[in-house]
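Sequence annotations record features per position, and here TrEMBL assigns domain 'PAS' to 286-342, 512-571. The feature domain 'PAC' is assigned by TrEMBL to 346-398, 581-633. Per TrEMBL, the feature domain 'Histidine kinase' maps to 651-875. As annotated by TrEMBL, domain 'Response regulatory' applies to 903-1017. The 4-aspartylphosphate annotation in TrEMBL covers D952. If you look up TrEMBL, you'll see 30-48, 225-246 marked as transmembrane segment.
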Amino acid sequence: MCAYSPRVGSSSDHGKKHLFPRISIPVRDGILAGLAVFVIALSSLLLMDIEALRQQRITIKDSLERTARTAAGLVDGDAHEEMVQNGKVDPAAYEKLIAPLVKFHRRAPEIAYLYTLVEKDGQLYFVLDTATSAKALQFSRPMKPSGFLEPYSSFSPNEDAAEVQAVRKGQNFVSQKAFTDEYGTFLSALAPIRDSQGKVVASLGIDMSVADYESRLSDLKKTGFLSSVISALTGMLLGVLVWWHARQARRHEQAKWQATKEKADLEERDRRVIQSLGQIIYRHNFATDQRRDEILWEGETEVLLGYKPGEMPQKTEEWFGFLHPDDRAREVTAFMAAVKGKANSYDGEYRFRHADGHYLWLHDRCVILRDSAGAPLLVDGTLLNVTQRKVSDERFRTVFEASTDPHMLVARHKVIDCNQATVEMLGLETKADVLRQPLATHWPDLDETASWDTTVFRGLHRFESYKKHISGELIPVDVTNTHLTIAGEEIMLVVWHDLRKIKHAQRELAFSEKKYRELVEGLDQIVFQTNQNGHWMFLNPAWEENTGYRITNCLGRPIDPFIWPEDRERVLRAWNGGKPDTAPFRIVGSTGIEIWVEADWRQRYDSTGRQTGISGTLTNITARRKAEQEIIAAKEAAEAADRAKSEFLAVMSHEIRTPMNGVIGFAQLLGETTLTELQREYVETVKGCGDTLLRLLNDILDFSKMESSRVELEHRPFSIRQCASEVISLNLPTAIAKEIALSAQIDPKVPDQILGDSTRFRQVLLNLVGNAVKFTERGWVELRVTPAESAPPSDRPDHIKIEILDSGIGIDKDALARLFKPFSQADSSTTRRYGGTGLGLAISARVVELMGGKLTVMSEPGRGSCFSFTLPLKLTETPESEPVATPVARDAKTELAAHPSLKILVAEDNAINRKVISRMLLSLGYSATLVGDGFECLEACEREEYDLIFMDVQMPGLDGFETTARLRAAGKKTWISALTAAAMPDDRLKCQIAGMNDYLTKPYRKADLEASIARYIVARRPKADVSSVT
């Protein structure tokens, strides 16, 4: 019988023999079947277990996400955004903003950390952190708070990137796996925080402790595994003997692989922790082997310091070389002392050179491992970048020390630091004097415990108190206590603000308010205030005194009924519109009388610009108003009287000049005829009397002009020397008759041509020289013109002095005082002896004043007189070497001789005056057409063209003004010379406005007509010919 036997040497058989050396094929098949059942059952249970674990994790993450969303809804997004934009913490606002989160966290203690984040430039920053209110949470576990805008980092860069994206996009986020640190195992979740407009402004973060969940998951794994073992126990029993041997063979390799994996995981975890903390880890070998004094580096060396680990210093001396020169000696000494001594650790801060050359502040913390003899073997340490904290500390120190307000740092009841302002306020010499004393020494009413607890509870505590100066003086201060945490220690920042100046200012203000209230209450003016509704809010006692109303009955009432009805609309419109209206108005007195007031007011506004009422004063001007009305009435009466006087003078002038024109005109014509000596004497007498009467009339009119201030001076070029020569020539016949030496002396420095009123200047000289000749019986009279003594020495003085000196009768001292008064002379005998009205000097004095000078006199009886005045010079721009062009430069007779044939029309209503002017024109060689009124003048001009019209101004029917206007309207350009008996100031201007070319005042002489015709001839001559006239 043949039996089956495997082939010797088969690889499969060899394998089976090796794996199952003593198991028969049926047993093998049973074992394999059992193993198959075991594998299938185990796989099913494992899949179920994995699915259960996945569902459990999903449930946990969903719960965490809902919790984050709920907490995010508690944050005021607008206030949160405002705090981030400000970039600084207002303790009160921070406390208010975080309070809902603290309350929520206290009710959910399973939350490890609750905080808010903002993203800036790819980096997350803490804003709120409930760990800062650890006492309010009342948790027994330790918590590490994060500061405002402190950078945030998770356990992984990938996790960091995902969280940045979630915050930036306003998305919900849950970390994919838990992370573990010294405080436990956590899962993180983020939820968006929105403002009132729905805009995402930040994210709320939750770190949930999942240690219990991980434990439960582990239990689930164990339970599933146990179930799978029990369910497949039969299969296992069948196969356990088969694979137990193989398992034992592989156990060693598996243990080795697991150890390797755990080491790698541990290293990876350490790397991530280091990376998340932003730290550098180093190991410094001090053992006596081949790696002695070697430094190994791990962590973020390139990120923090710019060096790759291999570029970092490898030896102790190299490491010292990277330290800042100012820190090197200190740190070398401290570090080596710690290593060579018995210390087990070292903690220090120093500046380390970055790869780009600048220095960073590092916090170096290490542990020293020693052998049994105490010699150092290894130093394991970390380097943490604390540059930002150092800069913040330095800024705080700068502000702390530079502040003018006293600042102190207090740890419970002990002052640990203060600034110089504290020393100065307390009157001490050094900080040590403050630090050596208990706080209560400088703070008599201090309740330290209550102040500390209140500050810790509120975060900020402000109140007023007193501080004690070394002299014993109690200084009022405003105290601000702020709770801080510095290096894990609770500190109270105490700031004192000196209130002495404020208190003094308050006392001064109170005194000022009292003083001004007394002043306001004592004023005669009414001081008032209204509100925005137009109701009285304040009235001083002057209101009762002026109106008769009681103040208490008026306050709160509308102002409208108190204003006179006719004035009410205007006043209220001005007050309500804010437009100043200073016009007086009336108030209704308590008895119904009119009270005139003048208001000075302004509108009041609050800080928002809203109008809140009116403040002002009311001045009672009732008496002044009455006086003003009386003054106005008196002024109107005076003006009416002045007008009446002017009208009277105008009428008088016309009525006197009209007949005088006939008297003087015919006397002149008669004098040109053949007469006997006696007849000629009679004619000259008539002419002299007419001239005297005319001078009297002119003096009265001039004085009237002066009184009415209606005299306006002309400003035309004229020659001082020519005026002086004319005055001397006019008075020379009288002086020769009285055997008086009459002369004029003009200094060469006095310019010949000046600007001024030659007529008025000549009038003054004629008056003064005429008086000197009149009151001098014998001797001399001199007109002297010199530069004023006060004028600077130059060729062109700016002032001249005019003196009229005589050797006449002189003037008594008593008479000098009234000499320049109207109608006054030295005495009545002077009037009887020499004649005159006494107006000449008064008129001269007024004219000199108008010219900018003052007429003065020096005289003694029997020793003559000296009348003088000084005038400012207004020089003409015309060079003195060039004569000033005048309309009539040549003799009038020469001009008339050149034009013997002219058509002349005379319009004159007075028959005698028509006869006078026609005879005078005839004696000049001209015949004239005569008409009696304006209508006849117009008819004559329509019939024939005339070269010249002598037009009487005052004619019946159609006067000279209207006649001239009609001629001009008709296009007539005939030269018109006005003939008028009016001599008031505005008469010449009226003639010019009416269109007349020339102006003659009655009584006129033949020479006046001759000059007027010559002016017409020159005006009608072409300009080239006029300029050539010499």
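Glycine residues also receive a Cβ, built from the backbone N, Cα and C atoms like all the rest.
Curation plays no part in TrEMBL annotations; they are all automatic predictions.
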Would you kindly check 286-342, 346-398, 903-1017 and say which stretch has the most C-beta pairs under 8 angstroms to the domain 'Histidine kinase' (651-875)?
903-1017
Tally of DSSP helical, extended and coil residues in the domain 'PAS' (286-342):
30 helix, 7 strand, 20 coil
How many other Cβ atoms are found within 10 Å of the Cβ atom of the residue listed as '4-aspartylphosphate', counting all protein chains shown?
27
Going through 286-342, 581-633, 903-1017 one by one, which has the most CB pairs that fall under 8 Å from the domain 'PAS' (512-571)?
581-633
Which numbers of helix, strand and coil residues does DSSP report for the domain 'Response regulatory' (903-1017)?
53 helix, 23 strand, 39 coil
Within the predicted model, mean pLDDT of the domain 'Histidine kinase' (651-875):
80
So how many of the residues in the domain 'PAC' (581-633) end up helix, strand or coil by DSSP?
12 helix, 26 strand, 15 coil
